[in-house]
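Student: Swiss-Prot feature annotations, pasted as is:
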BINDING   Ser192, Ser193, Gly194, Thr195, Thr196, Lys200, Gln334, Gly335, Thr339, Asp423, Arg438, Lys529  ATP binding site
BINDING   Tyr242, Ser246, Ala312, Gln334, Gly335, Thr339, Met347, Lys440, Lys444  (E)-4-coumaroyl-AMP binding site
BINDING   Lys263, Lys446, Gly447  CoA binding site
REGION    265-334  region 'SBD1'
REGION    335-402  region 'SBD2'
Amino acid sequence: MPMDTETKQSGDLIFRSKLPDIYIPKHLPLHSYCFENLSEFNSRPCLIDGANDRIYTYAEVELTSRKVAVGLNKLGIQQKDTIMILLPNCPEFVFAFIGASYLGAISTMANPLFTPAEVVKQAKASSAKIVITQACFAGKVKDYAIENDLKVICVDSVPEGCVHFSELIQSDEHEIPDVKIQPDDVVALPYSSGTTGLPKGVMLTHKGLVTSVAQQVDGENANLYMHSDDVLMCVLPLFHIYSLNSVLLCALRVGAAILIMQKFDIAQFLELIPKHKVTIGPFVPPIVLAIAKSPLVDNYDLSSVRTVMSGAAPLGKELEDAVRAKFPNAKLGQGYGMTEAGPVLAMCLAFAKEPFDIKSGACGTVVRNAEMKIVDPDTGCSLPRNQPGEICIRGDQIMKGYLNDPEATARTIEKEGWLHTGDIGFIDDDDELFIVDRLKELIKYKGFQVAPAELEALLINHPDISDAAVVPMIDEQAGEVPVAFVVRSNGSTITEDEVKDFISKQVIFYKRIKRVFFVETVPKSPSGKILRKDLRARLAAGISN
């Protein structure tokens, strides 16, 4: 029976899920929670390596993760220490993450395609003591590792001075140290720019991730219904919280199989779906777009897929319709997340065990065991249904805060526990959430975050640039791409290509600036804030160089 979804609390209008609250075992460490029902699916496939079809059973994954915990401990990793996982999707990513959880240690995940400077910045900020990576990426941390006595573990070949991952697996799992993990201890430290500024470490706790996974897959009528006969396609990078949480951790909790793809390749992707009878496809809009546009799709039987979920960026109605035609038996819907929110705030109720009707373009309904409100960004007053305002969420799933940044934490989470998302949306009469705009400054390139402030800091470092602002430009393939408005220094003749080259040498591919517009001044408010609205309006009006 749907519960009452709207209440008033000290003047605030609060929205809750149509699904009733459930018991969540928040006292359990994350690994204990994920493997709580292990005996039911010990011998079932847990990880399927798409590269070589190697299958790891649940028993093997649990045992290997404990061995890795002991191996990490022998290399000096103690409770509350941080390891950096610098890997594409692979079984070792899973063993390392779960192994660290067993120790009460913290995993910070970084994109292996980051530049050396970006990797080192995160390793330093997170105080990582070990980096787990592939040989081809080890060079990115080589100098930093030597200077800071950092151990580098490689999962494939072993460059000089590195340790092979197999050494961790040779440990005796019975030697695992006895650690007392508290629910509020941090287990994952992804980096996010939040609503503004430079990337910051987001402290996600055991209790927070347990709560978030439970909100999705636990309960008699689970919001995201999955079971041990399901096969999930894990093509989204596990270093991204959406994949780590809604694919890996949710699947482990229910005993489903996880088909791991290192990277998205449409032909291999389409071959793997019928080969392994994939049933659940968690995607992002660029993958949905590739499926909708690929002529190859019609050559493959995709009838095994029963759920297609899209997140990380909004999906337009046309794209929804186009992809629906490609998956004849699938329910298609969206979720809405933000790293700081743990990450899932809303999930499509068409995915529930007892599904609800949903509207096209909605990004779900607030998850159970949580509260949502919509506030006027100027006054902070809560707003009724159908009125757009800033989306705020409260619940045990949200982050503990930003690492070593109490000011940014206080700007994001109110004293009453409300997390401000920086996204503008409204809740309609059927409790469905629609995103209409972003207060926050982030650019979303194919679902990846690009922080304008990070690119602006690099641009302003160039001697021929006196000021700069970066804003998103709409792009059919990527959703948004970063473009720069640049003020040349006196006498400078720097060109668009020179600016683009200067940036592309310092950042990962998706942060590269796609267009440069030279301007006399960057518009700013009296307090010095860049007026990005004005720059976006100039783009929309068709600015010319």
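Just so it is clear, glycine is given a Cβ too, placed from its N, Cα and C backbone atoms.
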Student: I need the nearest neighbour of Gly335 ((E)-4-coumaroyl-AMP binding site) among the binding-site residues Ser192, Gly194, Arg438, Lys446, Gly447, using C-alpha distances.
Tutor: Gly447
Student: Count the Cβ atoms, other than its own, that fall within 10 Å of the Cβ of Gly194 (ATP binding site), considering every protein chain shown.
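Tutor: So the Cβ neighbour count for Gly194 (ATP binding site) comes to 27.
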Student: If you measure from the CA of Tyr242 ((E)-4-coumaroyl-AMP binding site) out to 10 Å, which binding-site residues from the list Lys263, Gln334, Lys446 are inside that radius?
Tutor: none
Student: Looking at Cβ-Cβ distances, which residues of the chain lie under 8 angstroms from Lys446 (CoA binding site) while being 6 or more apart from it?
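Tutor: Same-chain residues close to Lys446 (CoA binding site) (Cβ under 8 Å, separated by 6 or more) are Val284, Pro285, Pro286, Ala313, Gln477, Ala478, Gly479, Tyr510.
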Student: Per DSSP, Thr339 (ATP binding site) is which: helix, strand or coil?
Tutor: helix
Student: Could you round the CA separation between Ala312 ((E)-4-coumaroyl-AMP binding site) and Gly447 (CoA binding site) to a whole angstrom and send it over?
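Tutor: Cα of Ala312 ((E)-4-coumaroyl-AMP binding site) to Cα of Gly447 (CoA binding site) measures 5 Å after rounding.
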Student: Quick check on the region 'SBD1' (265-334): DSSP residue counts for helix, strand, coil, in that order please.
Tutor: 32 helix, 12 strand, 26 coil
Student: What is the total of other Cβ atoms whose distance to the Cβ of Ser192 (ATP binding site) is within 10 Å?
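Tutor: A 10 Å sphere around the Cβ of Ser192 (ATP binding site) contains 19 other Cβ atoms.
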Student: Average pLDDT across the region 'SBD1' (265-334)?
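Tutor: Across the region 'SBD1' (265-334), the average pLDDT comes out at 90.
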Student: How far is it from Lys444 ((E)-4-coumaroyl-AMP binding site) to Arg438 (ATP binding site), counting Cα to Cα, in Å?
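Tutor: Checking the Cα atoms of Lys444 ((E)-4-coumaroyl-AMP binding site) and Arg438 (ATP binding site) gives a distance of 11 Å.
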Student: I want the residues beyond Lys263, Lys446, Gly447 whose C-beta is within 8 angstroms of the mean position of the CoA site's C-beta atoms, in chain order.
Tutor: Leu236, Pro237, Phe264, Val284, Pro286, Ile287, Phe448, Tyr510
